[in-house]
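> Submitted below is the structure of interest, expressed as structure tokens.
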Amino acid sequence: MKTYLVGGAVRDGLLNLPVKDKDWVVVGASPQQMLDRGYQQVGRDFPVFLHPESHEEYALARTERKSGRGYTGFTCYSAPDVTLEQDLARRDLTINAIAQDAGGNYCDPYGGRADLQQRLLRHVSGAFNEDPLRVLRVARFAARFAHLNFRIADETLLLMQAMTHSGELHHLTPERVWKETELALQTPSPQVFFQVLRDCGALAVLFPELDNLYGVPAPAKWHPEIDTGVHALMALAMAARLSQEIDIRFATLFHDVGKALTPKVKWPSHHGHGPAGVPLVAALCERLRVPNALRDLALLVTEFHDLVHTIQCQPPTELVALFDRVDAWRKPQRVQQIALTSEADARGRTGFENNPYPQGDYLREAWRVVQSVSTKEVVDAGFKGMAVREELTRRRIAALDAWKQVQ
């Protein structure tokens, strides 16, 4: 019975990155032997155990054989005669197929350390194409390690393209697609995830709303990058610079989907694309079962981002109506979120990356002004019922009007 550290812990250690979770593989042991040593079994489909003290996961070495469609169609075989090399062979990428024993020695039968040095994401074997989820996982790793200059091996990208064209991605559940997307949105370069999906054809399958933006032009004066799909990923990259919140990143990515609905005869103008895109974002979020908080912000950003770009020209009545519409009184964080998504949109353009975005500060300051209006004073003045809301609105508009006079 031998125990090895495997997977991400070994990979990240070799990259001198922080090691968060440790996974172990046990060779030459049976489930009963693990139980006798105090381990707690938690795996149903294959034997995975929790260490009695560290509670880290220890999995018995196993092989996997394709027995059905999709990412769940596998039959696992786990027994004391399964070797470490056989267990590592079932893993997705060579950089994830490195093991380390208690003495610090590496078992690296598939060249993972060499690929780490070459900054290469390469599949272990042809069995890679048996699990369609791996297309998304590789895209996520590309996003996670883009800042270290990792790239996908040509042969791996070709395999991902073949997997997409085979229709296997249609067997992925919405929950798994969203989980990988959610993790990708947390990476330093989330735009790389979606670019890789486009490169292998998967974007059209999983995110057609985004894929449909490619080839849709915008006015060169305002969008030197011209292509709306390119702009969407540039805006996402800027959102990642401005905020760690995936709510902001997600909302920024899909803010322009309504432009795909513009008739070609009206190109490159896209008047009204914000409200037009709201049903598309709603359908996307329902299909992928996106959490409500992310969905709600994305819907608001899609509808109102153009209004925020012209916020300094808007009358006080429009500003108060905007704060009402986004429910800022109960969810004040939305003001900052909408300011940041709009800034990411504005700066996510070729040549605009380092420009200031005064509209964001204007929106925040306007919010500070309306917040200074006291609800208690309105109630104390004798207003009741709906009259309280009406008087609050009147006073907020008056406060903004006075503020705008001195701008």
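Each residue, glycine too, has its Cβ placed from N, Cα and C.
If you look up Swiss-Prot, you'll see Gly8, Arg11, Arg91, Arg137, Arg140 marked as CTP binding site, on the strength of sequence analysis. What Swiss-Prot records for Gly8, Arg11, Arg91, Arg137, Arg140 is ATP binding site, and it gives sequence analysis as the kind of evidence. Positions annotated as Mg(2+) binding site by Swiss-Prot, on the basis of sequence analysis: Asp21, Asp23. As annotated by Swiss-Prot, domain 'HD' applies to 228-329.
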> Here are the binding-site residues: Asp21, Asp23. Which has the lowest count of other Cβ atoms within 10 Å?
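Result for the binding-site residues Asp21, Asp23: minimum number of other Cβ atoms within 10 Å at Asp21.
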> Of all the binding-site residues given, Arg11, Arg91, Arg137, Arg140, which has the fewest Cβ neighbours within 10 Å once its own Cβ is left out?
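With the binding-site residues Arg11, Arg91, Arg137, Arg140, fewest surrounding Cβ atoms within 10 Å: Arg137.
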> If the CTP site is taken as the center of the Cβ atoms of Gly8, Arg11, Arg91, Arg137, Arg140, which further residues of that chain fall within 8 Å of it by their Cβ?
Gly7, Asp92, Leu93, Ile95, Asn96, Phe141
> Starting from the Cβ of Gly8 (CTP binding site), draw a 10 Å sphere and report how many other Cβ atoms land inside it.
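Here the count is 17.
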> Find the shortest Cα-Cα separation between Asp23 (Mg(2+) binding site) and the binding-site residues Gly8, Arg11, Arg91, Arg140, and name the residue that gives it.
Gly8
> Cα within 10 Å of Asp21 (Mg(2+) binding site): which of the binding-site residues Arg11, Arg91, Arg140 qualify?
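Taking Arg11, Arg91, Arg140 one by one, none has a Cα falling within 10 Å of Asp21 (Mg(2+) binding site).
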> Indicate whether Asp23 (Mg(2+) binding site) is helix, strand or coil by DSSP.
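DSSP assigns Asp23 (Mg(2+) binding site) to strand.
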> Would you list the DSSP helix, strand and coil counts for the residues of the domain 'HD' (228-329)?
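Counting residues per DSSP class in the domain 'HD' (228-329), I get 78 helix, 0 strand, 24 coil.
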> Based on the record's binding annotation for CTP (Gly8, Arg11, Arg91, Arg137, Arg140), what whole-number value in Å is the widest Cα to Cα distance?
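Answer in Å: the longest Cα-Cα distance is 16.
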> When DSSP states are folded down to helix, strand and coil, where does Arg91 (CTP binding site) land?
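In three-state terms, Arg91 (CTP binding site) counts as coil.
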